[in-house]
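**Student:** As annotated in TrEMBL:
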type	residues	note
DOMAIN	B:20-239	domain 'MacB-like periplasmic core'
DOMAIN	B:301-415	domain 'ABC3 transporter permease C-terminal'
DOMAIN	B:688-787	domain 'ABC3 transporter permease C-terminal'
TRANSMEM	B:21-47	transmembrane segment
TRANSMEM	B:294-319	transmembrane segment
TRANSMEM	B:340-368	transmembrane segment
TRANSMEM	B:388-412	transmembrane segment
TRANSMEM	B:433-456	transmembrane segment
TRANSMEM	B:683-707	transmembrane segment
TRANSMEM	B:735-753	transmembrane segment
TRANSMEM	B:765-787	transmembrane segment
Amino acid sequence: MITITDLEKYYATEEVRTIALNKLSFKVNEGEFVAIMGPSGCGKSTLLNILGLLDDPDGGSFVFNGIEVAGFNERKRADLRKHNIGFVFQSFNLIDELTVFENVELPLIYTGVKPAERKERVDAVLEKMQIMHRRKHFPQQLSGGQQQRVAVARAVINNPKLILADEPTGNLDSSNGNEVMDLLTELNETGTTIIMVTHSEHDAKYSHRIIRMLDGQKVTENVLSEYISK
Amino acid sequence: MILNYFKIALRNLWKDRTFTFLNVIGLSTAFCAAFLLGMFAIFGLSFDQFHENIGSIYEVYTNSQTAKGTEISNANPIPFAEALKEEVPGVKKITRVANGGPLVTFGEKTLKLDVLWADRDFFDIFSFPVVGGSKINPLQNKSSIAITRTTAQKIFGEMNAVGQTVTMRRDNEDVPFVVSAVIEDIPEASSFQFDAILNFTDLPASFYAANKDRWDAHNHPVYLQLDAETSAAKFEKATAAFSNLHFADDIATAKRDGAKPNSDGEYRQIHLLPFEDISFTDFNSNSSKVNKTLPYLILGIAFLILFIASVNFINMGIAKGSQRLREIGMRKTLGASKGQLFLQFWGESIFVFSLSVFFGGLLALLLLDKFQTLFETKASFALIASPGIVLGLLLSLLLITLIAGGYPALLMSKLDTLLALKGKLQHTGKNKVRDVLMAVQFCIAILLISGTLVLWSQLDFMRTKDLGFNKEQVITLPLNTKKDRAQLLQLLRNALEGKPGIISVTAADNILGLGKDGRSSTIVMGFDYKGREVKTNLLNVDYDYPKTLDIELIQGRAFNKQYASDSLSIVINEAMAKEFGEKDPLSVRFLLNDSIQYSVIGVVKDYNFQGLNKTIEPISYFMNPSSPKYYAFIKVAPNNLSQSYDRVKEVWNTLEPDTEFLGSFLDENIDRTLKEERKMTTMISAGSILAIILSCIGLFAISLLVVNQKRKEIGIRKVVGASTSTITVLLSKQFLKLVVFAFLIATPLSWYLTTQWLQNYAYHINLSVWIFLAAGGIAFVIALATISVRTIQAALQNPVDSLKTE
């Protein structure tokens, strides 16, 4: 589903050029659950932004679903993004002025789904995430775990092929964190590809494969034992 | 989607209540001011536009070459109009017009009416619709009178006015006039304002009959309508032969005195002034300036105020955007396009603008009455409402919304997704736009404040300047009466003289300043002296005139009852003495009307008998007992001014119980002549107050945000040892720099503009640097006070709190 080859990304200020990604290559197959780990500043988030089509690489190739997307302009990326990719962030990134229902509904609005269908689909997802009773509440009225569930609901509302999760449990306590990880696992089991950046070895264990990074490069890649057979 | 935008707009506005409130207050006030000022200006500019033939109506005026230069006059001789129509092709219709305020009587009722005398063509040229009676032409017959609807009601009540007979005092007898027609009330935006209109030939004999065939007595304006094929320029050119024929004597005199012909080789040139410019035209002897400064100045102020409020909106919009970065980033991540984001933010702006326009409009309606009283205007929204104006208003509102709301919306929609998501705002450039806009705001505010100070000083100067006569102690009184004026004056004198508080009584045929009757006139006479023409203002006075007014006699004597020959003597001012050019002015003898010899018996010190926009012209007093004196002048003792005024009023009421007492002190009269200046000063003062308040609202909002953005910096600085005062200075400096910058830009501009304006006055204040420093100082102090509220608070904060927020 995703093939990156020799991917490069630099950040330049007036005086220094920092290499964030240094000829990074790997593949992610459809239906996989991949965890990306590494110390702060190793390029995890940069990678995730490029994979999420929020940013453009400076070199190398990025094939998404058989299409070379490196060099796509903002509008093309946005178009591809809104139909195929869902995001879950550490800080949830819910819009404070919108209710739970409206936050989840937002991607459907931008993909042009009719109101009646929107309501149906949002209700279904909220039901599934067990936050239906909170649909009229505003984000700040919810607990962290609930907020992240809303964010996950928003990420899956468009039935994306890929979900990118950036430290999804970073702001949560362990029980809420486990709940969210279970949610992601469930989604993965129904066929959604998941790429997750995390610091937590615990969370990484939910994945099939761990890619470890350092200084913009892949250092190791190990498939977790229970999936070796698959 | 729209609903979603609307919802989030409302919630956002509510969340940022302070900002929304400041924005709506600022914009509503600005819109209110802009509506009122715009209405006032448009009303001024719409004057006389209701006449159907407005494009082809002109007033005739003449440029005459004299030894001293070109003189301009719109007064014409009685036979002029008819001859012009007959002899020069192109005149479709022509009318002479004179105005006055005679007393009109019906049964028991006596009223003073504003009356026009005009020729028949008047109603063909101008659009004053007839609503009752002779529809064809109300001025068809001699001895007929047409009155306005309101006047008809005033005189006749419910009775049918047409066909009724009223009498009018003329040449000391009651003359009957039959009401031929009732016309619609005169629109407010009309230069002609009258209650009744009569045939031109019905003017008093001294005005009409005596001058019927004379080409050397100029006493009324003439208006004409050109036919469709004739342009004004073509017509003016075609009048050369006419002028040379009819004004041959004047031209010969001018040539003899050494006048130079104008660029066309003519000594006398007839010109046409478009009637649409009449209300802006000030005819005086050397110019016929069309001056639309006031309405355009006011439109300008309205525009500047809207500009300031819009800048606030832009700056607050941009600043607010920085608090919504995550929302913007998230929306973009979820696939929102630039267009969608632009529409969302612009939509919010439109919402705020609509709200402000609504409140502004409402406020303007509520304040309309006060505005009309304050600025002595009849302008109202109904008077200027036309499809064109409404459309123009809507378009300008849309344009303002597009720019002021669109610019921040555009900036926000263009933000980088990733940076926005991380809550980082690219700082490059954007603050420059904000700073420039704020500097321009303060530039405008300082400009208006210094303008206000200059206007105030000039107005105060004009009000308090020693004009060369006693204006505090002298009451003037128009002698409106059906009796003989001389007789009334004598009765008045007898009743007042010797009474406590009354010092002396005199009379003249002209007033000083502008009395309660609202009339003023200028009589200029020219005669030959030693082979050249001299011109002088003419004043027929009674005994004691200089004494009553404390006008200083510097040579010779004033008129005295003991000298019977004084009716052939004149008293002149210094300017007139200079005009005669004799070493001893008292030796001057000259002939008037080729036969009667007059001699100068006294010279008074120059005094400002006209407005301070004019230098002191020559004036001569004549003492002709038979010439009518329209105004009494009564000097009273300096203590108990109001008691003396009441005494005069009481005497008047016993002598003339049927006519209103219109006495007023001369200083009030002078004040009345300063109406335009006062109006302008009030407008600019109001404008500058608004400008500074609005600028400070913007400044306050921006200081709030900057302080919020710098919380961390402030915290760190405090941790490493910065004191409260250094931090306050640090935070205030960047804003005060803008005010200083604005001051440096505004001052030369203001200097230039106020100097230009002061040129209108022959007597004016000298601009002092202090005025401009004061304007800058006021702006600086107000700005400092505004930002201090927030900066000091921020500087006092415990650094632990501010560092925690990260």
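Just so you know, glycine gets a Cβ as well, placed from its N, Cα and C.
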**Student:** Out of B:21-47, B:433-456, B:683-707, B:735-753, which stretch touches the transmembrane segment (B:340-368) the most, going by CB pairs under 8 Å?
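**Tutor:** By Cβ pairs under 8 Å, B:21-47 leads among B:21-47, B:433-456, B:683-707, B:735-753.
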**Student:** Could you count the residues of the domain 'ABC3 transporter permease C-terminal' (B:688-787) that DSSP puts in helix, in strand and in coil?
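**Tutor:** Split into helix, strand and coil, the domain 'ABC3 transporter permease C-terminal' (B:688-787) gives 85 helix, 0 strand, 15 coil.
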**Student:** Using a Cβ distance cut-off of under 8 Å, indicate which of B:21-47, B:294-319, B:683-707, B:735-753, B:765-787 has the most pairs with the transmembrane segment (B:433-456).
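**Tutor:** So the stretch in question is B:735-753.
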**Student:** Which range out of B:294-319, B:388-412, B:735-753, B:765-787 gives the transmembrane segment (B:683-707) the most CB pairs under 8 Å?
**Tutor:** B:294-319
**Student:** Give the nonlocal contacts of the transmembrane segment (B:294-319) in its own chain as ranges (CB under 8 Å, at least six residues past its ends).
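**Tutor:** Non-local partners: 19, 22-23, 26-27, 29-31, 33-34, 37-38, 40-42, 44-45, 345, 349, 352-353, 400, 403-405, 407-409, 411, 430, 433-434, 437-438, 440-441, 444-445, 448, 676, 679-680, 683-684, 687, 690-691, 694-695, 697-698, 701-702, 705.
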**Student:** Going by DSSP assignments with H, G and I as helix and E and B as strand, what are the residue counts for the domain 'ABC3 transporter permease C-terminal' (B:301-415)?
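**Tutor:** Per-class counts: 101 helix, 0 strand, 14 coil.
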